[in-house]
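I have placed the structure first, in the form of structure tokens, so that the comments after it can refer back to it.
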Amino acid sequence: MWERRVPLLLAVAFAAAALASEVAGSWLARQGADVSEAIASHELAAIFVVGALLLLVWMEMGLRSAARWQRWGARCDGWIAQREPVLAAGLTAVFSLTWAWASVVRHQRFNSMGYDLGIQDQVVWSLSRLRGFAASIEVSNYLGDHFSPALVLLAPLYWLWEDPRILVVTQACWLALGIPATWRITRAAGGGPGLAGLLAVGYALTPAVGFAAKYDFHIITLAVPILLWSVLAYVRGWKWRWLLLLVLSLSIREELGLSVAGFGALALFRPRWRLLGGGLLALGLAYSFLALFEWIPHFRGFGSDTLRRYSYLGVTGHEILAALVREPWSPLVRQLPHSRRVVYFLQLGLPTGGLGLLAPAAWIPGLPNLAQNFASDNLAQASIYFHYSASYLPFVIWAGIQGAIRGWKRAGTVGGRGIVVLLLAWGTVSANVMDRALVDPVRPPYSQVYGLERITDGAAYQTIRNAILPQDRVLASEPFAAHLSQREGIYVLHTRQHYPKDVDWVLVDLGSGRYREDRGWLLDVVLRFLDRGYRIRAFQSSVVVLSRVGGEDENAKEAWERWRRSP
């Protein structure tokens, strides 16, 4: 069956998916709805057509060479088995170095942003100086934004190197630890060395992992390897290691309680784990509920702004929960018509060739956070382009591992197992054709995130940075905020939010237009400060630097006036 019927059925399903993608895209376009680029560009349809053709080719040609494939596969398995630790370590090192380099270069090219690297940098800097979770962007105590006690563990890094780049390098290295975890989970679940290596490479090339490494620094990305290692403990039957890792993960961010609760719910189906699973289910739900509705409002002084993303359900947490009890289908009715949210599910499962569908139980721990993000009116939460998937991505990967192993075992023959390898390879390549995390910028309707592009000219900033004293209060637009965030008073010009009027320095890039910045509004901000007597200290390539005191740079002032007169 696996050798003939399965690839034929899959080829038919892929062809139907390609047709459905084209029909849906055409219909949505006629309705004037926003259509995902993957559908509008016919890329999604092409991916499914290629998958169908590969399956048909395998039916006709691959099966004829089954004996040759068996010999080649056995040699590969033997070669990898002798070098597993070295290969896993090498792949981990390559991932770490690649994303550490890319993240540092991205920061140096002014593509990191105040939201969120500047925020995280200031908080860790404050912790390293024993000032607690002191912050000046949006809240005065970071725990009023996200409940992340684990940030304390990063403070000692700043005793070694007080620079935001140490955060992005740490993030790259930490995410790389998911590679040996994926390898070991595959082996522990009964997969061979070749399959383990293929899945580990798939993790390293998963676009969602790459985008998480790319977009500034977020403490929640640390949950990816921790949860994967907890999966290994669960598969191995290491009950107390599993418990310890899940309890530690709670300190990362408030939504991790839902992941812990989901994993506890899964353990209810495992003999001799039910009591512990029930305890974690209760603990996780209580933790997320208290963090979101009690602790964050306490430190913030009012309710969490996260709830605004679900305002169509209610204003307060109790109203939202009550609405979900009355009409649990309402988020689906509201969000499902948006094609980008539907494509998002495909983007999650595509790197493992859709094999995760063969292991539905592995999805259970991630479902609460997946549902939470899908229900949000913040489109970024239902995308792979940011950090929001970190709380359930490990379980998507686990489902892919379990599905690949189940498919491998059910196939039995070389021809059938070749389909599993084909699907994994097709899925990984297709996912990276759709989304190239290392080189593709994130564009509207999402918040813009640039990688290695040169968007902002930092020359004006470089000429003046030594004049900005550590105690000075600075107001900056996104490209510069993350370079000046190690101070008590750093403020970001962000989506028309309130900003202080008594700062010492103002640095604005009037040309970048990133992260939903309104260029007209930014220009209005600069003009208001000039009307209040601020001096132009530097101006170059649409980047202007103002100061409250000090002499005005006449050349910069003339360049500014010429720029203002230009069309």
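Glycine residues also receive a Cβ, built from the backbone N, Cα and C atoms like all the rest.
The transmembrane segment annotation in TrEMBL covers 44-63 (among others). For the transmembrane segment (44-63), the residues of the chain that approach it from at least six positions outside its boundaries are 3-4, 7-8, 10-12, 14-15, 17-19, 21-22, 36, 38, 69, 343, 346, 415, 418-419, 422-423, 426, 430, 433-434, judged by C-beta separation under 8 angstroms.
The transmembrane segment annotation in TrEMBL covers 84-102 (among others).
Residues annotated as transmembrane segment in TrEMBL: 166-183 (among others).
Annotation source TrEMBL lists transmembrane segment at 195-213 (among others).
Summarising the annotation, TrEMBL assigns transmembrane segment to 219-235 (among others). Residues 120, 146, 148, 150-151, 154, 171, 174-175, 177-178, 181-182, 184-185, 188-189, 209, 212-213, 241-242, 245-246, 248-249, 252-253, 255-256, 259, 263, 267, 365, 387, 390-391, 393-395, 397-398 of the same chain lie 6+ residues outside the transmembrane segment (219-235) yet bring a C-beta within less than 8 angstroms of a C-beta in it.
For the transmembrane segment (242-269), the residues of the chain that approach it from at least six positions outside its boundaries are 146-150, 219-220, 222-223, 226-227, 229-230, 233-234, 276-289, 291-292, 295-296, 361, 364-369, 372, 391-392, 395, judged by C-beta separation under 8 angstroms. The feature transmembrane segment is assigned by TrEMBL to 242-269 (among others).
Positions annotated as transmembrane segment by TrEMBL: 275-293 (among others). Within the same chain, residues 147, 239, 243, 246-247, 250, 254-268, 304, 306-307, 317 sit at least 6 positions outside the transmembrane segment (275-293) and bring their C-beta atoms closer than 8 Å to a C-beta of that stretch.
Long-range contacts of the transmembrane segment (342-364) within the same chain, counting only residues at least 6 positions beyond its ends with a Cβ under 8 Å from a Cβ of the stretch, are 36, 38-39, 44, 199, 202, 205-208, 262-263, 265-266, 269, 336, 370, 374, 382-384, 389, 393, 395-404, 406-407, 420, 422-428, 430-431, 434-435. The transmembrane segment annotation in TrEMBL covers 342-364 (among others).
Here TrEMBL flags 384-401 (among others) as transmembrane segment.
Within the same chain, residues 178, 182, 185-186, 189, 191, 199, 202-203, 206-209, 211-212, 215, 218, 220-221, 223-225, 227-228, 231, 253, 255-256, 258-259, 262, 344, 347-349, 351-353, 355-357, 359-360, 362-367, 369-370, 373, 435, 442, 446-447, 449 sit at least 6 positions outside the transmembrane segment (384-401) and bring their C-beta atoms closer than 8 Å to a C-beta of that stretch. Same-chain residues lying 6 or more positions outside the transmembrane segment (84-102) and placing a CB less than 8 Å from one of its CB atoms are 168-169, 171-173, 175-177, 179-180, 183, 187, 193, 196-197, 200-201, 204, 210, 213-214, 438, 451-452.
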